[in-house]
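What Swiss-Prot says about this one:
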| type | residues | note |
| --- | --- | --- |
| DISULFID | C53-C76 | disulfide bond |
| DISULFID | C67-C73 | disulfide bond |
| DISULFID | C72-C97 | disulfide bond |
| DISULFID | C85-C104 | disulfide bond |
| DOMAIN | 26-112 | domain 'Disintegrin' |
| SIGNAL | 1-20 | signal peptide |
Amino acid sequence: MIPVLLVTICLAVFPFQGSSIILESGNINDYEIVYPKKVAVLPTGAMNSAHPCCDPVTCQPKQGEHCISGPCCRNCKFLNSGTICKKTMLDGLNDYCTGVTSDCPRNPYKGKEDD
């Protein structure tokens, strides 16, 4: 009887005890799913199962779709290779989509001080 009572009290007083993690993205507004030895960042709004690109069970792109979000993702598909994803004002060394990822890779010809 005593152990059951203690468990009941603990659950009533501390119902949501758990370990804390620091988000890999550093942004407290991002959602992240944590798997053993892997952290997958979810885009804002991905927790909403109505997201058109996201499988609500796995939070991965639906079958036949390439991506959920990102600068090189539109309508659940990767943008074509060579599409400008970050335009620069001064030097003309824009960043371009690769056609195989939703990320916007940095132009390899830019110097360290350029951005």
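We number each residue from 1, going along the chain as drawn.
Cβ coordinates are placed from backbone N, Cα and C, and glycine is handled just like the others.
A map of Swiss-Prot features onto the structure.
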{"residue": "C53", "record": "disulfide bond", "DSSP class": "coil"}
{"residue": "C67", "record": "disulfide bond", "DSSP class": "coil"}
{"residue": "C72", "record": "disulfide bond", "DSSP class": "coil"}
{"residue": "C85", "record": "disulfide bond", "DSSP class": "strand"}
{"residue": "C97", "record": "disulfide bond", "DSSP class": "coil"}
{"residue": "C104", "record": "disulfide bond", "DSSP class": "coil"}
Candidates C53, C76, C85, C97, namely the disulfide-bonded residues, that fall within 10 Å of C67 (disulfide bond) by Cα distance: C53, C76
Under 8 Å by Cβ from C53 (disulfide bond), same chain, sequence gap 6 or more: P61, K62, E65, C67, I68, S69, C73, C76
For the disulfide-bonded residues C72, C76, the one whose C-beta sees the most other C-beta atoms within 10 angstroms: C72
CB contacts for C85 (disulfide bond) [other CB atoms within 10 A, all chains]: 18
Euclidean distance between Cα atoms of C97 (disulfide bond) and C85 (disulfide bond), Å: 6
